[in-house]
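According to TrEMBL, the protein carries these features:
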DOMAIN    17-86  domain 'P5A-ATPase transmembrane helical hairpin'
TRANSMEM  17-35  transmembrane segment
TRANSMEM  55-75  transmembrane segment
DOMAIN    248-379  domain 'P-type ATPase A'
TRANSMEM  393-412  transmembrane segment
Amino acid sequence: MLVQAEYIEEASLRDPLPLYVRPYGAVFLSLYAWLGKKYVEDYDTFFVSSEWTLLFFGGAISLQLLFWLLPFWNINLRELFETKAASDPATAQLIKLVPSAGNGTAEFVPITSAPDGTRTFVFQQRRFLWDSKISKFCPPQFAVDSSSPTVGDILNSKGLSGNLDSLKNEFGANIFDIPIPTFLGLWKEHAVAPFFVFQIFSCCLWFLDEMWKSSVFMLIMLIVYESTTVLQRQRTMTEFRGMSIKPYQIYVYRNKEWIEVSTTELLPGDLVSVQRSAEGSGLACDLVLLEGTCVVNEAMLSGESTPLLKEGISARDSKSNLDLEGIDRISLLAGGTNVIQVGSGNGQITGVPTPDGGALAYVARTGFETTQGQLVRTMIFSAERVGSGSKEAYFFILFLLVFALAASYYVWKQGELMGRKQHKVLLDCVLIITSVVPPELPMELTMAVNSSLTALSKYYIYCTEPFRIPFAGRIDVCCFDKTGTLTEEDLLVQGADLCDGKGLRPLNLLSESDVVISIASAHALVKLDDGEVVGDPMEKNTVSSLGWTVDANDIVKQDSGVTIEHGDSLKILKRFPFSSALKRSSTLVKIGKQQVVAVKGAPETVLKMLKSSEYTHDDIERFTDAFTQYTRNGMRVLAYASKSVNVKSVISYKREDAECDLVFAGFVVYTSPLKPDAISAITMLNESSHRTIMITGDNPLTAVKVAEDVGILEREALILDVNEDGELIWASKNSSYTVPYSEASVELYEKYDLCMTGSALGKIEHSPVLVQLIRHTWVYARVSPTQKEFIIKTYKDEGYMTLMCGDGTNDVGALKQAHIGVALLNGTAESMAKIMEKQKMDTMQNVYEKQRKVMEAWGRQPAPVPLPIAHLYPPGANNPNYVKAVEARGVILDEKTKAEIAVMCADTSVQAKTNAAGLADRMTEMVGEGEELDAPQLKLGDASCAAPITSKLRDVDAVVKVIRQGRCALVTTIQMYKILALNCLVSAYTLSVLYLAGIKMGDGQAMASGILLSMCSMSVSRGKVVEKLSKERPQPGIFNKYIMGSILGQFAVHVTALIVVRSWVHEFEPPALTIDVDTDKKFEPSLLNTAMYLLQIVQEISTYAVNYQGRPFRESLTENKGMYYGVVGCMALAFAGATEFLPEMNEALQLVPIPTMFKIKLVAAMLTDLGLCVVIEHGFKYFFSDFKPKNIALKLDERGDSKIQ
């Protein structure tokens, strides 16, 4: 393999071909030269006429453009047309890279030379350099990512020195510049899309057919709609990808001295001094904290704004392996995070004190190789953009093309018989073929999706990939994280159980000193300089419930509660941080003259660390039964233990010495209340034919209880786990029923709701029964982020449409892997309302300021300040609404103040303006007392960036809203295809058979029907969704018996009606005896034209009315007023014209008088056409539609005896 990267499947060296060698180069130049020669020398015999000249040159230009566009549409054609093979990396100019599925699209990337001659390229914002030793392009190799770096390797670093040019060449500048596409860049992507190119080509052809007005109109509409789509994409992507970090100055230790450099110049191996982050800024790279402490906010990474304490790696054993993803994560300062507070290490260990009192850190990774950079690259490149041009759409167009080709063949043969000019016949044939792709198709699809986007935005739900929304209408499996998604993020303390027979007791009533010290010590809370205590909300609640508070300098003191021995305050000396792998944390504290180690963690982990000489097997069983009882009830349990120690050297004190021979202190029990809308959301999803599943990293018993509470589980749960002997075993929630895994049978699947742990999943990951088990599992517990992604991928591989809803960093992979990923942020309706109001006022203020400056530049008086922002400006002659604005914001003004303001508004002197400014300041302070002037700002984390759909509110109901809009968009999309297909099929007949018969439409006729039909067309996607999700599901696609049968059946009815009515016309108005019909003559009213026009109006409107999909997915036809009035208007126009109810209207539309007998026949044909279409649509829907969900989404009582397939 030429490139060393797991996600790249294929790589090959290429060189660009000269322009003249490419298929669209010299070949076409030669063709143009030959055509030019023919034009000059042999015009009369070769071209004959100007029309053929236009067709020859126009066809050549079109063909050249097609060959030029093909490489944009297919990377393999680009390789064939524009490049040639190369073998030497030293001279090759391009490299073709094909990533694996789900990791972006294939690209040609230019290869360049670094200043030292090293060959390099950048793919997906990642640098690759040629390594001659292994003959491969490799990404930069960082010391922290080498095979086995130790803590000592990093801790003993003394900074960089000497010539750094080689390092600069290898790692490049430390620039984290997220690519936000420009308008022109996105426009180019849309402009070369096959659909858009085809539409432009069609418009150009219409120009040739003397239809320049409609061509110009359609061209403008196409450009406007594409520009709107591009702008919307750009705005959405800019909002969610605005994560770039501006460079700033930082102290770096190089050549044994501290110097100031820009963060763009940082290199791996540098030692830097970390200071508190400036407002709106963050760390410029990944750092390993060597000495000191930092309190950081990792909201940009995790979406969770809880500040975390980071400690220097100097506390670790220097011989231990460095594990930045595990135990040493507490020493990792990730790029993009904000440093809130810094504690200096003073160079006690490294001997390198910082010049500004900052914390000493080692530069681990730079640029897009940082933690944030890798996640952003995943966000941008891991999945191709889902567009409107789906494979189904292309196959549908091929299906219509068959009919268009048949119609073209008819026109060509008839044209030969009629002796028509060949160039005119050829143009007609091409126009029929191009009508297969109606220009309004992408516009209509975009309108359907945009309508859903607008509706979702009202609930603060946003989408970065709009054309994924119809996928939400096809969802089979809905997966949910537990903590922070179905349950509230904050845990409530229920009390402590010391296993002494007294049950749960409030923490502030505990009198046992060892227990109190353990609970007060085992945490990572920190008090900031501004007095705020930051850290895990659960730990804050625990310490607060105990009656203790955290003070500065790691002091914890007692505020209330029962007095204990040894004193009322303690000092934290050293922390061993929590690790998900170890499932525990520990702390060394000093209270009075005593030193104590306190350990907190998962009960099963802590109980194994108790002093064996003090606790019998029965004691351990008693402790286990106690905490298991709580977890069965859905509670979260943490075990506490402690011991007295005498540590002489705190720095060298090891974790393994601390976490052994412990004395049991007790269990602290927490509850995590369900979110208010969790039960209603899950219930609605269950009742609307969706499979709801929980995937969590929490305890299986807790997960099962929560799943029961929200309605995911309805029967007794059976848990598949790994026992102490490493064997798989099925066990009920209370362990009263156990079955060895080898004896498990299908009967278990039908009798129980199954739960699987991450350990069990790891055991059967490659087993042939995996798929069968996953189909029957409702809850996954104790799973890792990687396993979450694996579960989602397995469902996808089995053909199920999946949705994942989560809120944290550990959900990112699953959110991206799912067809629909919904990230929940932590906003509330109130906070979002404030944000929106502030944004609205800021926008209004900016507009007003620009307007004011323009007026001042022209020497004119600016307009009065608008009422909504009048409180932001001083009172005066130009701000008459000041009093109203201030009072509207809750400030009560007395009469004296009002009179003072009135005088200021009348006085334009300088002194009056000064007084007004002072008064405005006082009013602003009064306004601020009643409300927050600074609206809360949401921080977008990984979950929001990685998911195609993000809800800024924390409500689970966001999933229901997304699916509701997805169903609406899906039925609208399918309806669009049906309507456009019928219109195209009928057009193929009218453009061929009727056109050759000389039937044309007058300008007035086209305008009248066009206006009314446009009302229907514009209103198709305007139907609002129905609040309740129905059990009935929309059709998942176009190619099924119902949709295709209905389309062909209605088409047959329409064509039959046109043929029959045409034959009836000939009874009253005999056809011309000659076949020489002048198709190019101007419009002349006739009975045939009148009959065809009125019948076609009914047929066109019936395609809208008959195929309209309303309830149970969205508003019915009568509720969609725009659609309803358009249908009624068109029907009224058609039947009024057919019955001559309004003779003046018939005259205006150039309709000829209709004989009475023919009038009856025509109305009967129109009613029959409409009635038969209704019968066909509802008949095929009744007999052939499949509204049932896939078997996996059904409960047992719905499946009957059938098994999940």
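Even glycines carry a Cβ here, placed using N, Cα and C.
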For the transmembrane segment (17-35), distant same-chain residues with Cβ under 8 A (at least six beyond the ends): 56-57, 60, 63-65, 67-68, 81-84
Outside the transmembrane segment (55-75), six or more residues from its ends: residues with CB under 8 Å to it: 23-24, 28, 31-32, 35, 47, 81-82, 96, 98, 105-108, 192, 194, 197, 201, 208, 423, 426-427
Counts of helix, strand and coil residues, the domain 'P-type ATPase A' (248-379), according to DSSP: 27 helix, 47 strand, 58 coil
Across the domain 'P-type ATPase A' (248-379), average pLDDT on the 0 to 100 scale: 83
Counts of helix, strand and coil residues, the domain 'P5A-ATPase transmembrane helical hairpin' (17-86), according to DSSP: 56 helix, 3 strand, 11 coil
